[in-house]
Amino acid sequence: MKKNLAFAIAFTALGCGTAAMAQDDFSAELKARQGQFRIMAINLGILGGMAQGKMDYNADAAQAAADTLVAVSMIQQGPMWPAGSDNMALDSTRAQPNIWDANDDFLSKWSDFGTAAQAIQAAAAGGVEGLGPVMGQVGGTCKACHDTYRAPAN
Amino acid sequence: MQRGLIPGVLVLAVAAAAVGVFVTRATPIDSSPLAGRDSDPAKGETVFIASGCASCHAAPDAEGDAKLILAGGQRFPSDFGTFIAPNISPDPEAGIGAWTLGDFASAVKKGVSPDGQHYYPAFPYGSYLHMDDQDVVDLWAYWQTLPRDATPSQPHEVGFPFNIRRSVGVWKLLYLKDDWAVQIADTPELERGQYLVEALAHCGECHTPRDALGGMNRANWLGGAPNPTGRGMIPSLRPADLTWGPTEIVYYLETGFTPDFDSAGGHMVAVIENFAKLPASDREAVAAYLKALP
């Protein structure tokens, strides 16, 4: 009985402790959402490198990069952005609290990225000349969101 | 003896105050060099874009063509209070439609209003003072083509002692400089780059650190500064810190993509929107200037 009680207390304490820790650092969510942006940057780098002539154009590689951007755009964002995981509460993020104040606008800007990614997907294999304009379009959606919702780097 | 001294000190104090009042007064610009010039609104549009007028004076959430409506209302927090961009549309009541070319030049190049007040240096006349007279004339001609808006300007939220506009006269004596911030080689490209960076695009206003009185510290020109809006740093553009090559700088100013395909954020988004509309040679001139910084 005593043993069971002690176990129950320990279990509760452990449970609470874990919950409190998760609430404090959100490290899993931050890794996930920052990772998706890194995947975007790597694949934009492939397309941008071809558009700038820094690397040879290759239709298959361009298509794979564009397909990846579309895949990222389909990841549901909600679970990666828990309330309180902003740059006022945490040092390891540049996400500003207005993401949660104006969440509909934030999510609509994310969906604009998806639209631009589909434009890249449609253009990627059609030759290097087509990449510049759609890169501009996708870049516009990055900036539109970062303009409002991301703090400058430290 | 002591009796004689006190009136003497008093006279000196009054004289010093009088000199102070004199040197800190807001005098309009000599507009005679502007008179009788032909104006080209199309060239004025380029000046308008490069100077980023709409980036601060458009309504807070304006997008696309609505950015040409200079209704004001954007808020600019600083150590001295929050400045709220005024309506500078050509509306004669709410905006600046009733101004003369001389009024406009005094505002842009000297920070002096038509009624003889100092503007706060949140308005970057410390950079615009380098603006060519012909560019001012063309810009004013372009201004007349912009839409009018009747939104009233809001007062700045600035507390004592900074709400004493006369004190801005002292600030101007300390910090307004006619010469360029740096000496660089005088090729046409570098001159254009210097004009864009130091005058029109007023890059130094955010990228150069400021001293306790809010003046740009030219000894550390474009050396990076804390973001006045709160957290984060405005990065240094000095060659030792900005390691991007010229083509990477040009691509960034056109698309907003950094060399590792991160993207621009914050107010820099508006700056890139402007630079993307300028001729490629202007973006190249900026890159050349940054790479040539001493």
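Heads up, the Cβ atoms here are built off N, Cα and C, so glycines get one too.
According to DSSP, A:Cys142 (heme c binding site) is assigned to a helical segment. In sequence order, A:Phe113 make up the list of same-chain residues 6 or more apart from A:Cys142 (heme c binding site) whose Cβ falls under 8 Å from its Cβ. Annotation comment: TrEMBL describes A:Cys142, A:Cys145, A:His146 as heme c binding site.
Among the features that TrEMBL reports, signal peptide is placed at A:1-22.
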Under 8 Å Cβ to Cβ from A:His146 (heme c binding site), same chain, six or more residues apart: give me those in sequence order, or none if nothing qualifies.
none
Neighbourhood of A:Cys145 (heme c binding site) by C-beta distance under 8 A, where only residues 6 or more apart in the same chain count:
A:Phe106, A:Lys109, A:Trp110, A:Phe113
